[in-house]
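> Handing you this structure, nothing more for now.
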Amino acid sequence: MARSWTARLAPAAAFQFFFIASVSMFKPGANALTLSRFSPQALPWLYIGAAVLAAGLALIGGDGKRRRDPGFIVLAGALFAGTLAIGVWLQQSWISLGAYLFSEVFATLVSLSFWGAMGEAFDAREARRAFSWINGIGMSGAIFGGFIAQLLAKTEGALALLIGGAVMLFAAGVAWRFHRSELEVEKNAAPAVNVARDGWREVLSARYTQWMAVFVLGMSVLQQLTDFIFRARAAANLSEADMASVFAAHQLWTGVFCVVFQFLLAELLLRKLGILRYAGFAPGVLAALTLITWLIPSVWSAWALKVFEAAASWSMLPVAIQLMYAPLDDRLRDAARRTIDGVVRKGGMAVAGLMLIALANALGLDGVFVMVLLTCGIVGWALWRIRPRYVEAVHARVAGLEQRNNFEGEERLLGQAIRAPSPEQALRAADLLERTGLLNESHVRTLLEHRQERVQERGVQLAEDLRLHTVAKPLENIIATGARRPRDAAIWALAWLAPERARVVLPPLLGQQDIGMQTAAIGGVLSLPGPDDGTAKTMLAALLDRGVDAPAPERREVAKMLGRLAKPELARSLVPYLDDADATVRRVAIEAAGVGKYVELAPRLLRFLTWRDDRRAAREALANMGDAVVPLLGSTLDDRSRTRGLRLQLPRVLRLIATQESLNALLFSNAQDDPSLHYRIGLSLAQLHDEHPELNIDRTRQLEALQRRHDVTEALLEPYRDARAALGEDSLLTRVLGDRLDQSMEISFWLLGLRHDGATMRRAHTLLIGTDSRRRAWALELLDNVLSGAERELISIAVDSNHRALPLGAAARFANHLQALCNSDDFVLKACARSVARRALVWQQPYREDDMNELTVKKLFALEGVEIFARSDVDDVAAVAAVAKEQSFTRGTRVYAEGDPGDALYVIVDGSMEARRDGEVVMTMKAKESFGETSLFDGAPRINEVVAMTDSKVLVIDRRDFLDLLADRPELLAGMFRVLSRQLKSMVVEVANRRATTGEMPAIGAGPLPPPTPSRP
């Protein structure tokens, strides 16, 4: 179990305090000793020497656990610093050079190890706050160390600063002993890259790390150039003691600036600006201060420039840079840090040293100012180039690598598969060829010549879809010798693809007795270009006159023909077939209305969307009509007087139309409506946009929809927390409130996916509701960098803290919410709230017309707590309640026998049951448990019998009704499968344990479910 945020923060902050205090004491002493004994012209060479040493040690410093441990490094450093102090005390002047190099190199090594450990201790979101606190407390050490250094410099000289620095290093090593990393390493994770061997090539091969290296190199150059300006002015105007005092004051005020900035501004700026704009703050201010220092040639203007640069280097930039490392692959992160912070950063010292050696003597200090300004510009440009690559890296952390299909060589294999004797194999191959865009004329000819009629019929359909005018001969062969279905399809196809041949082939077929061939021939002849054939026209009129009095096969064929002809004047002729009592005729007529695009029949088709057997045909027919039917669908979707069941079907139809108009109808739909309808609309919008990303999204409407989601979340959050306290987690009203908050959050991410990558937004949503804090942090980081300010603000209430993780509200306050919930526009929420309020005697109004049916409400509450529906949305449970039927059994009555048809699921409302097989009890069941689940899916005969142990009442859910629900609510399966899986595992374990100990088959009762997880099914 992970330690608390404070427990991880405290040792790290203490370490940073003492470490920076040591640097604040050791560096001024080393600098004063060096500049008092050597000329400032030696500084560039010292920069180069420090760079070479630091880079070399960084390359080898990542190998071995102890060499990566900051505590071990600072304890060793304390011993070495003490040795240097002894050398200075012995008046060895060259030791001052060693002290200078040690202060530069050692600080780099400790920083690399420390920030690597911090990256493991905190996730991406915690790091923003934690790093600011660590640096704030750490820079308090700069104040402490700088203050002590000033006192010691004036009284004891520079040597005392070296000794004080060694003592502070020892204290830092002690503080680190209390730190423990929180990183959880995957068991099968790839090994980390070895920087010393081959890591730097791999690290710097990616664009993101390349531009990071440019940024860090530029900031390192700025550090040395501003350091040179400051120290050159100090050396020209101050004595050794004065320099030690000024340098110590620099450390002191750097610490003051950093502490104030970290505690008051850093976290706020990170939140408002983001990581990269926050990082850009430093070079921008440095450029301004450089101009001021250039215009005011004094020690104190250079001192102010150096204070800000040091504050940025020690406080601002470490936070930003370490956060920029975070999205890198775990295998590369440490290697990148050591390569960039170690080799590249110290390489910046060398670059600055060479620049100073080459140009400073020739151009003077003015030339150094010009170099600083140019470098600030380069750093800003590097940050501008980093941003898109940073977002890509965060995308990769959230969404993972996308697998791409490679169809190279597949065409040959699929071309062979369509020749297979098995019709299933041939049809699957044809579908794959079509989906992959590899289908061509030769494949269609192969299908037309296949021996199986289903394959031939599919070939005819593909020939029409591809408009293959060169396949007339195979079509004529099918007409002459083929089976009924491909033959009739070939007649229509020949008229469409080869009208000249059709004028010869089809007229002789008009006299055929087979009604399918006859109607196909009539339709084919009448669809030919030019004047209508008189004979065919007369025959059509005769068929229409027979109408509903004709046999059902004839009515089906006539309805099909009317659809294929697609002539507006024939639309009314199709009406009687839409009202036909025969379901097969009616379904063919519905399909024909869509094939013929008879828009005037669209209002008649709407009713079929609520008919179980005709729903699918009606959806496809309306979708075939395209944009012409969108106004009707849009107005019906917004019409609250229409039935809820009808309106719930319309988003799927609009999605199938898949045009700009249909997308707008979904996006512009009624803002004040049923939440379950909102959910369907949001889902259809997301799916439509994924399938057709070329469609445009109205930005204003998207933000308005997000605002509504924000308002819903804000309105329901407190009632949900109070309901949890008053009614409990498993209460139906608590569940529906939680479901609404879940749905609102999910819809928000679907809406975000309309403007951003939909798959990534959905993945971010999944991570946000999950339990992995590190992945959740990456999802939040992605949102901060991808979303606009308005979008991020609108979803903040939902994503910054998951509602299921919030503490319980006030139970006494829940009664204040009930009245508003009872008057909600939410059909299911209102029904649950009124039922609870009636039981609490705070809602006395009678049932109204807009209420959920009273019996359905009772069944809904009877299903409350039933195990198999415990993980399902309350909307889905309400749909189940609507189709469930009550049934009672007296004690000893058999509910069903072994071998009976598996046609229903049973939920025990009251009483108890036992399942028997071969006369032996295999399972006992009580109220709120269910049985017969597996038969819902396979329809197989019952494998046992169930008998009522007491007088019992059950709800019976018919298999056909249940499968109809699944067609519209596939998510219902997710919760059920979780429960069935748990029950099966429980049964297997218990049976195995009992048999192992007694050899007997036990009676098994499924135990209670574990508490629900925060994630929504």
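Including glycine, each Cβ sits where the backbone N, Cα and C put it.
Annotations in TrEMBL come from automatic prediction, not curation.
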> Ranges 15-37, 130-152, 590-612: which does TrEMBL label transmembrane segment?
130-152
> Would you mind listing the long-range same-chain contacts of the transmembrane segment (282-305), meaning Cβ under 8 Å and 6+ residues beyond its ends?
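That would be 218-219, 222, 226, 229-230, 233-234, 237-238, 246, 249-250, 312, 316-317, 366, 369, 372-373, 376-377, 379-380, 383.
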> Between 72-91, 130-152, 158-178, 311-328, who has the most Cβ pairs under 8 Å to the transmembrane segment (211-230)?
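Looking at each of 72-91, 130-152, 158-178, 311-328 in turn, the most contacts to the transmembrane segment (211-230) are made by 311-328.
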> With helix taken as DSSP H, G or I, strand as E or B and everything else coil, how many residues of the domain 'Cyclic nucleotide-binding' (868-983) land in each class?
40 helix, 41 strand, 35 coil
> Within the same chain, where does the transmembrane segment (311-328) have neighbours whose Cβ lies under 8 angstroms from its own Cβ atoms, ignoring anything closer than 6 residues to its ends? I mean 6 or more beyond.
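Sequence-remote neighbours of the transmembrane segment (311-328) are 20, 111, 115, 118-119, 124, 127-128, 131-132, 135-136, 138-139, 142, 208-209, 212, 216, 219, 223, 254, 257-258, 261-262, 266, 270, 275-276, 278-279, 281-282, 285-286, 336-337, 341, 386, 390, 393-394, 396-397, 778, 781.
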> Mean pLDDT over the domain 'Cyclic nucleotide-binding' (868-983): what is the value?
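Mean per-residue confidence for the domain 'Cyclic nucleotide-binding' (868-983): 83 out of 100.
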